[in-house]
Amino acid sequence: MEHLFTLIFLLVFTVAPSKAQRNITKGLFLTTEGVNTSWVSPSGDFAFGFQLINGNNSYILAVWFDKTVDKTLAWYAKTNTQVPELVVVPSGSRLQLSSNGLSLLDPGGHELWNPQVTSAAYANMLDTGNFVLAGADGSIKWGTFESPADTILPTQGPFSEVQLYSRLTHTDYSNGRFLLQVKDGDLEFDLVAVPSGNPYSTYWTTNTGGNGSQLFFNATGRVYFTLKDRTEINITSTIMSSMGDYYQRATLDPDGVFRQYVYPKEAARKWNNIGWTTVDFIPRNICQAIRSDDGSGACGFNSFCNFNWSLNETVDCQCPPHYSFIDQALKYKGCKADFQPQSCDLDEETMIDQFDLIPMNGVDWPLADYEHYTSVGMDECKKLCLTDCFCAVVVFNNGDCWKKKLPMSNGILDSSVDRTLYLKVPKNNNTQSQLNSNSIKWKKQKKHWILGSSLLLGSFFLMCILLASFIIFQNYFAMESKKTDLPKQSSSTGGLPLKSFTYEELHEATGGFSEEVGRGGSGVVYKGQLQDPLGTYVAVKKIDRIMPDIEKEFAVEVQTIGWTFHKNLVRLLGFCNEGAERLLVYEFMPNGSLTGFLFDTVRPSWYLRVQFAIGVARGLLYLHEECSTQIIHCDIKPQNILLDNNLTAKISDFGLAKLLRMDQTQTHTGIRGTRGYVAPEWFKNIAITAKVDVYSFGVILLEIICCRRNVEKDMTNDDRAILTDWANDCYRSGRIDLLVEGDEEASFDIKRVQRFLAVALWCIQEDPAMRPTMHKVTQMLDGAVEIAMPPDPASYISSLQ
């Protein structure tokens, strides 16, 4: 018994000091550098202290999630003024708790910030994320929960009055362009003037009014607004099995969207770079929500807003062609023209001669009209803009013509825009378009002198052209004496932006073709390094198999890839056509194919897989609808999707591509492709269209969702052996969760998983006519259009046998 009493005594006095250390007593302090830069909560989940910003020896006082990879800020100090301003301190500043309260002092000892609480006995960083000052009796006198910056946390509030200012950018914590506030019984989101911070227009509101309304963020993951009569309006919410397993926050982001995020604590403990996942947000489309007579809109003047559903529901501000951002780091400042404006002193003929109108589909600046015409034709509408020096954009729709002038506001890129807009730009990239009336008059008065000068200059340039042509042809024939021509089938490669390599150059670049990195249907691919100043790494495809149509296949590759330029297509850099040798030189993809990522023991993150799917879809859209010559790939599979340094998915291997002129919609050809990915029509005596690629994409999309191959014959459960059948069964039975079982990220984003699954099932319909185009596929993946329930696709097992 004596030993037991001693043990209890030791345990009590061992634990007591540790608990006491959680309270921050008077006299303790923090500094911007050294070991005392922060105070941590008991669990270690949160910390309070100094955070370096902008890398320029400036600091802010903040609370952050201490176990997340990026140390996400949950609060930062601002002045106690009508429009609160960020408190920034220099290196060498300190924070101390004394009889005067909590004081933030600069290196000279001048007070920069103080919450004005003098009765505090101690401070504490709580596990809720609230840093508090408490009295001797333990009552809270002040806490960071009382004055949120741009973020609220679970159990913070309720708020009957509150203001959340967004950041200016993700790295600039000063007040941004948006404000969330509870005011006069309303929850409203306002546009804010920068840098004054004054709100000038509301873009979202509950429209409730009256006293007694409050904003809540409860521990179950729900942000809601209650009215005096206890009516609850849901703002954002998430449904998780155990919210205690996740960090949560709700933030008014720099783009004006109020997003609710979660972060698995298990990932934080393992230091996995999963990142925060958006589980809900409001407004649903900020680009559509903001439309104001004042200000520039969701993005800056002369730019347009694209709400990117595929990239964590973010806003992408873009400039129109021939315009660029005033400040790339501060895109909200808008875009400027990269050419001189059209002069009002020009005559109509000169205006039309110097400027042109280029179409922009899906784009509009809805409140920039200054003139409206009715009952006019398209050509007349365009002329009205071309001959008006104030007109920057013109819109024509069924006899109506709207002219718009700079600066243009409320720009939007959206599939709901059903009319074509024409942007005025100089012809031939001419940036010196502005002429004055004096020069025109002078030119008219001196027309005879100009005519003579023109003849003289014309003769001079003609001589230059003849001389240059002679030199070019002389060099050309000199080169041809060393090399054979491309076959006639590929004669159209003349003028391609490709480099012609000698066989010796590529033999040296590849070290004698020693490092094989892949094999295609018509040859082997080797890694090489060019002897250029950058030492560029390349992939060299050596077409070395004896095939009857080898010349044709080589010509198809050169013709097809040489003029295709897209972020999601592998770029052809050059070729070799020397003697019997046929080689193609591509940009090198250091991360290999999609196969190595999807089917590895460690599955890639859900966010990365989403980017893979979107990238492949956009690459196919380009091939099908945006090339000057429509291209059917015919062999879309994970092995033909390569990944660059940034893990951007790029479609490769156009060796099986079948070219169609734009006035053709179908072709007859032999069976091409890889089993498991080929469409049913390959096995039928029917025409082949671009829908064969749509079918293959549907299969790949299912593999991306589930991180498994379409056919796994060794699987113990026969019902799951063929992915297309199993995925369809899961969709019909409402058990989509089985497809992403054990995948936490995908489970968080189950709505997107369901959307992607529905798209895939539409793509693998047996009837090609029922499959969507790749344009519709990209819209469905982005969430820009509603997706109807896909029919039950017919089982077509013969292609898998």
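Glycine residues also receive a Cβ, built from the backbone N, Cα and C atoms like all the rest.
Automatic, uncurated: that is what TrEMBL annotation is.
Feature annotations, reproduced from TrEMBL:
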{"type": "BINDING", "residues": "LYS542", "note": "ATP binding site"}
{"type": "DOMAIN", "residues": "26-146", "note": "domain 'Bulb-type lectin'"}
{"type": "DOMAIN", "residues": "511-785", "note": "domain 'Protein kinase'"}
{"type": "SIGNAL", "residues": "1-20", "note": "signal peptide"}
{"type": "TRANSMEM", "residues": "449-473", "note": "transmembrane segment"}
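The residue listed as 'ATP binding site' carries a strand DSSP state (E or B).
Remark: the residue listed as 'ATP binding site' has PHE513, GLY523, VAL524, VAL525, TYR526, GLU581, ARG582, LEU583 as non-local neighbours, by Cβ distance under 8 Å and separation of at least 6 in sequence. When averaged over the domain 'Bulb-type lectin' (26-146), pLDDT in the model lands at 92. Mapped onto DSSP helix, strand and coil, the domain 'Bulb-type lectin' (26-146) counts 3 helix, 55 strand, 63 coil.
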